[in-house]
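S.K.: I have a structure here, written as structure tokens, and I will follow up with some questions on it.
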């Protein structure tokens, strides 16, 4: 691996650490589960910085008992010598001062994903204690900290041939009051992503909290090409292997991997220095522009396909990205982030660099693989035809109704209040359950939309079919946001969208189909926390004129034990919502003071995309494998 003289001279100090414990949310976003896991990412980001600089190829993350985390790498080791101006050990400086780190010295790090020094010092400030071991220059060094302050100054504790850094800590439960328990799968998802983005490293994660420790290693020599294959694993794809494009100009490294599948949804991920740029930015704009241009240029070479297009009609960006899985990853020395969550790249020069590389390399690939380009163009042209058909249908509806969109559906029992924040809509399967819900609701704030007809699996369907589906059309009209590129979250008519289906296998299937629709066509409704699942009771238990509604088998057994097994309690299992009258439905499922609901969240869009594709796609084997591996976590009818 690369060698470099990395010492205290490379550490630059910007300001102190005082405010972190007082206002932790300013530094890690929240003190809930997201913030807790963010601490691990901050420490791992330092290891990744070492890897991107060429000094580290192995990272270990260990979850120990008692909510302790240990992160190790085999990099150069954080400097331990005395800083020339601060007159303390560089290790102490990095871990106790905000904005102290090698990232700010261009000689030490060309590009940086995490905030080297910033991240670790914040973790230190929010921990009850932290230990640091550094293997460097033939010696093992040790220091201990308490709530961000030095407790045991840096000292040599032995000789070693190793190099690297070990950071071990226990978070402060007085700050993380919601939970201090780490979720293995949440961490594994991010570590897997980092391993895909950095093909020369391996990341091992071990859970020592279990009686039999669980260990998984992520190492992907294929890098982002392998990432695309992973995302497409349950789909029929072309070309067989993803197209990989890379290039470097003005110290900006660009990598792109693309592959089409037989679906209709685009899955476009972009990263800057390993940071997921969820809001996109100039690198993504450059990619999209080049892709659309290349496709239109090649279309001219296929007259039979041109004939299928309307005159003067060109392929749009939406046409060429339907069924596309692509990853755009750039490494930028000084990224400028914009947007609401600072996850949008603003560097204008990156747009042209990505555009140029994609245009040149994709053109070359298509020239060398004419069969592949014809397959792709056939798909793009079919998508254009569907888009034009959907547009004409929408225009016809508009002329006919005099409305900008579909009118509100006839079966919708709307609420009287018009303030979206106070209103909720129950999407209910079947007219009988819809009737009970209408009778039991609070008509001031609760709207009821009964669904009828065949539910569509949007994972296998084009936009024009989705827009015209008899079951989805009323949902689109009721929510008021529009879908696809017309979507506007500000027009959402209800801030709680509650899916209410039977507590059986058919109900689970309907819930999954509806969630797939929201994820594919209205993802912001989920991201903003507006989608909920109603939790109707599974059993009603009656005894001595008393009634209990219970929601699972464990609760049923607990109530029966409480009554006494020999006391002839009557147990009714609800097969469907229609078996309850309006009063029962209100008391058990709709009364805000008593009901149980589950909010649908989207902590990781990448993994959610893969799971929806696996569960709702055409391929049977990946679905079977997923269900077998995850049966312990869900009640599935296999």
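Yeah, the Cβs are placed from backbone N, Cα and C, and that goes for glycine too.
Feature annotation from Swiss-Prot assigns Mg(2+) 1 binding site to 429, 502. Among the features that Swiss-Prot reports, Mg(2+) 2 binding site is placed at 502, 504, with the record citing sequence analysis. Per Swiss-Prot, domain 'Toprim' is recorded for 423-537. Per Swiss-Prot, the feature site 'Interaction with DNA' maps to 454, 457; the stated evidence is sequence analysis.
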S.K.: Can you tell me whether DSSP puts residue 429 (Mg(2+) 1 binding site) in helix, strand or coil?
M.R.: strand
S.K.: If you count CB neighbours within 10 Å, which one among the binding-site residues 429, 502, 504 has the smallest count?
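M.R.: Least crowded of the binding-site residues 429, 502, 504, by Cβ count within 10 Å, is 504.
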S.K.: Any idea what DSSP makes of residue 504 (Mg(2+) 2 binding site), helix, strand or coil?
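M.R.: The residue in question, residue 504 (Mg(2+) 2 binding site), is coil (DSSP, three-state).
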S.K.: Would you mind splitting the domain 'Toprim' (423-537) into helix, strand and coil residue counts from DSSP?
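M.R.: Across the domain 'Toprim' (423-537), DSSP assigns the residues as follows: 55 helix, 21 strand, 39 coil.
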S.K.: Across the whole of the domain 'Toprim' (423-537), what does the mean pLDDT come to? Round it, please.
M.R.: 85
S.K.: Using the alpha carbons only, what distance in Å do you get between residue 504 (Mg(2+) 2 binding site) and residue 429 (Mg(2+) 1 binding site) once rounded?
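M.R.: Computed Cα spacing between residue 504 (Mg(2+) 2 binding site) and residue 429 (Mg(2+) 1 binding site) is 12 Å.
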S.K.: What is the interatomic distance between the Cα atoms of residue 502 (Mg(2+) 1 binding site) and residue 457 (site 'Interaction with DNA'), given in whole Å?
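M.R.: Computed Cα spacing between residue 502 (Mg(2+) 1 binding site) and residue 457 (site 'Interaction with DNA') is 19 Å.
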S.K.: Round to the nearest Å and give the CA-to-CA distance linking residue 429 (Mg(2+) 1 binding site) with residue 457 (site 'Interaction with DNA').
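M.R.: On Cα coordinates alone, these residues lie 15 Å apart.
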